[in-house]
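Below: the structure, in structure tokens.
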Amino acid sequence: MLVTAYLAFVGLLASCLGLELSRCRAKPPGRACSNPSFLRSQLDFYQVYFLALAADWLQAPYLYKLYQHYYFLEGQIAILYVCGLASTVLFGLVASSLVDWLGRKNSCVLFSLTYSLCCLTKLSQDYFVLLVGRALGGLSTALLFSAFEAWYIHEHVERHDFPTEWIPATFARAAFWNHVLAVVAGVAAEAVASWIGLGPVAPFVAAIPLLALAGALALRNWGENYDRQRAFSRTCAGGLRCLLSDRRVLLLGTIQALFESVIFIFVFLWTPVLDPHGAPLGIVFSSFMAASLLGSSLYRIATSKRYHLQPMHLLSLAVLIVVFSLFMLTFSTSPGQESPVESFIAFLLIELACGLYFPSMSFLRRKVIPETEQAGVLNWFRVPLHLLACLGLLVLHDSDRKTGTRNMFSICSAVMVMALLAVVGLFTVVRHDAELRVPSPTEEPYAPEL
């Protein structure tokens, strides 16, 4: 398993580099890329945002392993994960309103403080302290995915008066480097935890200086901005009306809830499946992120002028890949007949599918959901998503260890079959909808500049 993980990592990394280099050579520079003021504003945003993302990714490979290192049972670990998910959904519902009221910069600084405290709780073996840490982690995650982007959009439009058409270029580049940071963070986590031998708590301690630096840079370089005009109840009510009045939105939300709840369960299960077979967790995690990056690169190529595939087709392909991978996992995790290499390949396919899924879903959401209702609709999407994930982990908590993992993959397979049916339903509804298609080869390319 050790050799397989390193070979997969090197192979995936080489594939990603090859695709990105060929794409960069073929793409001419855009007008936004040559604007010094725009590039400076991007740099001010990236230097804080990327530190926050790096600190977040650094903790991912060894979270389950740390709880296992503290001799907690799998059921107890499942409850810790459920606590984190419940915290994320509760704080996520009010995060946008909280950020608007508190201030975007202040919220980013609060993120660095709460996430640092979350990391410090990992030094304790007390179960209650770890539960508090998971709650802080949920708050931090909600702030990470709301405050930073809200701050940048306000600065981009209100302070610098840049064209709104340039905003996707900033976030497309951020998405690419987010994958790169995740790959590097996995290797760094493996280095401090395993190669140096500091143990599974080391990545969490190493994340604290990154969070402190992110908070300090935000305090020094960022201006504050507020938006006190949105009421939480009005936002949610508008989102619910949009969800119930448009069948496309309802089907899209169903697909997102089913697909992403399965991904949350996968995040919990990959460590106990591979760790007993000597897998280097940091390198395995980096391989996952490289596979996801490869999927994103394939998405950009597939939707380019040359191939002109539609996001709806790629969304369907992503769901099919995950269905196939989960069926693989139901066999490769059979008690007494475990095949870690097959499980690892299935996990890589799931991550590849994620690389196709997220940009496809982002494109379709942007086209289907009115901009003024997106925050409210996404709040309603998150509720079933996290509830399904929590229910899955609670079912696993009550299962026998030897058969529980296989049974959970079987349940996830059934969930993804339902997601596939929802995709077919969405296809039926939007098959003649030109709005959900990328521009034709004779028009400007859809993909934002990187």
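Positions of Cβ are set from backbone N, Cα and C atoms, glycine also.
Copied from Swiss-Prot, the annotated features are:
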type     : residues : note
TRANSMEM : 1-21     : transmembrane segment
TRANSMEM : 43-63    : transmembrane segment
TRANSMEM : 79-99    : transmembrane segment
TRANSMEM : 128-148  : transmembrane segment
TRANSMEM : 174-194  : transmembrane segment
TRANSMEM : 195-215  : transmembrane segment
TRANSMEM : 249-269  : transmembrane segment
TRANSMEM : 278-298  : transmembrane segment
TRANSMEM : 311-331  : transmembrane segment
TRANSMEM : 344-364  : transmembrane segment
TRANSMEM : 376-396  : transmembrane segment
TRANSMEM : 409-429  : transmembrane segment
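Touching of the transmembrane segment (311-331) and the transmembrane segment (249-269) is concluded from the presence of at least three CB pairs under 8 A, sequence neighbours closer than 6 excluded. Between the transmembrane segment (1-21) and the listed ranges 174-194, 249-269, 344-364, 409-429, the one holding the most Cβ pairs under 8 Å is 344-364. With a threshold of 8 Å between CB atoms, the same-chain residues lying at least 6 positions outside the transmembrane segment (195-215) that come near it are 48-49, 51-52, 54-56, 58-59, 61-62, 65-66, 69, 108-109, 111-113, 115-116, 119-120, 122-123, 188-189.
For the transmembrane segment (249-269), the residues of the chain that approach it from at least six positions outside its boundaries are 60, 64, 78, 81, 85, 242-243, 315, 318-319, 322, 326, 347, 350, 354, 357, 361, 364-365, 368-369, 377, 380-381, 384-389, 392-393, 396, 405, 408-409, 412, 415-416, 418-419, 422-423, 425-426, 429, judged by C-beta separation under 8 angstroms. Within its own chain, the transmembrane segment (278-298) has Cβ neighbours under 8 Å at 1-2, 5-6, 8-9, 12-13, 15-16, 19-20, 23, 57, 60-62, 65, 175-176, 179-180, 182-191, 193-194, 270-271, 318, 340, 344, 347-349, 351-359, counting only residues six or more beyond its boundaries. Within the chain, the transmembrane segment (344-364) has long-range Cβ neighbours (under 8 A, six or more residues past its boundaries) at 1, 4-5, 8, 12, 175, 179, 252, 255-256, 259, 263, 266, 270, 273-274, 279, 284, 287-289, 291-300, 311-312, 314-315, 317-319, 321-322, 324-326, 328-329, 332, 436, 438, 446. Of the recorded ranges 128-148, 174-194, 376-396, the transmembrane segment (79-99) has the largest number of C-beta contacts under 8 angstroms with 128-148.
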